[in-house]
Amino acid sequence: MLIMSSIKELYHAVSINDRFSVVNILEKKNIPIDYINFHPDNPLLEAVKLTNTDMIKTLLDYGICINTRDILGNTALHLIAMDYYVPHNDIKHGHHNDYVFKMVPIINLFLRKKANINACNNLNQTPLHLAAESNNTTLLKILLYNNAKVNILDIYGNTCLHYAVRGRNIESIKLLLSYNVDVNIRNFTYWYSALHEAVQIGDSKISRCIVSLLLCNKANVNTRCRLNTTPIFYAINCIDTLKLLLENGADINATSDNDNAVIHLATENRRYDIIKTLLDYGADVNMIGYRGKTPLYYATENYSYRNMKLLLDHGSNPNIADHIMNTPLFISIKCTCIENTKMLLDSGADINHVNDNGETPISYLAPNLIPTPVAILVISHIVLLKTKYNHIKYLPGFIKNISVIQNFTKFNNIKKVCEDEFRFMRSVSLSANHNLSSYICNDNLHTLVRFIKNPKIYYSINKIRIYRNRLYSIIERLLNRKKLHDLVLELIKDIGVFNKLPLDIISMILDFLSDDDLALMAIFN
């Protein structure tokens, strides 16, 4: 008890900077040094916290162990690295250089006395780990210059580089990289490399800067963590970092344990800008992910018209089914999204597709759950397909759809109106071989441009309800084409071989060209 009391007395004397009492206690009370070294109230560590160089020298001169530790296993160098001696507000605002420079003589004193610069605390952290974490570049430089080991792992497998990256400490990162720290070591918890950590930094400028530093020092851009994900998976919140990874060889179609690629993740999180960037860099728009879902499937689940359009414009196949053979159209109709459903149908989604349970997109739900606008859109499409393609009526999905329609009065009434409108359109003759329904049923619309100003069309359209908007859309497109057609005809009729041909023949030739081809001819002539 007397020894313990004396140690506490010594500790108190150090804390109030009473050097006379310290010397007196050490000389007269015969306290065994080992007791002091292992006591929780360690006078040397207290002197370090107080940045009291003279007191530190005094204690060391009297034999206090230079590598003495606190209950957490921290030595004096650990405490210096953690900025224990800096007021909290100064650390918070980054104004602690003056305090750090005060410690340089103390640090040098410890190094002259052969302090263990690679000592590990209870978490297996060295002073280098903690200096990197607190961005104590002064201590970091001194430790590195004195051959501190840069690749020691803490109990979680983190190197000092992991700490510096998490702390967003760019200067510390540069220092460590200049001393050949291994940039590709992965920790034990998530198997994160420093690059995994860097791409998850919220600030895009800092993230890009750190990622660039790591990549310049041969960081593996495709290293995988415990979830089998590469750093690119964590860059979906920072487009600049994403581009940097892609420009340095990141595998854009790499998949995780659940088979999803980055484009699935971006679509699931409704990130239009990221999806567009991935597509611009060559991501597979039809990549099969978790449970057979494509990016379009996720976009449909998220009611995201904009993302769906982007994917479809880049060639997404709307008929790729998931693990139970549901296509995005099943989801769109289930969600009663009329705009999304229309876009899928216009892009070639198969309304007669049958899933593993023998259901089609409209039999998938109870008929009374499908809103009237969606029902009109879908049933009018089915009637259109039946009119255009005779073989459709033999398909199991079509037979199932017709059965659902006929067994539900509202659906059957819609079907009858659609069929009546087709009969009416066929009665509006435009030529010996063409009638108003040709604008909906004919896949080669270019040949119909010649009839576009026939007054019968505009008079008759007003009598049509369900297919009116479809007709107006087609006619508007053809009117624009006619303007382009007539412009090109005027430009080329007197050029080369064309001046020897009748205008009707030239016009027929132009009918076989696409709108894009006509536009190019108009530009270059």
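Glycine is no exception: its Cβ is also placed from the backbone N, Cα and C atoms.
Noted in Swiss-Prot for the protein shown:
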REPEAT    39-71  repeat 'ANK 1'
REPEAT    72-122  repeat 'ANK 2'
REPEAT    123-152  repeat 'ANK 3'
REPEAT    156-185  repeat 'ANK 4'
REPEAT    190-226  repeat 'ANK 5'
REPEAT    227-254  repeat 'ANK 6'
REPEAT    258-287  repeat 'ANK 7'
REPEAT    291-320  repeat 'ANK 8'
REPEAT    324-353  repeat 'ANK 9'
Near the repeat 'ANK 4' (156-185) in space but 6 or more residues beyond its ends, with Cβ under 8 Å, are 123, 126, 128-137, 140-141, 144, 150, 192-195, 197-198, 201, 203, 206, 209-210, 213-214, 217-220, 223
Would you mind listing the long-range same-chain contacts of the repeat 'ANK 5' (190-226), meaning Cβ under 8 Å and 6+ residues beyond its ends?
159, 161-162, 165-166, 168, 170, 173-174, 177, 183-184, 232, 234-235, 237-241, 244-245, 248-251, 254
Can you break down the repeat 'ANK 1' (39-71) into helix, strand and coil residue counts using DSSP?
16 helix, 0 strand, 17 coil
Which whole number is the mean pLDDT over the repeat 'ANK 8' (291-320)?
97
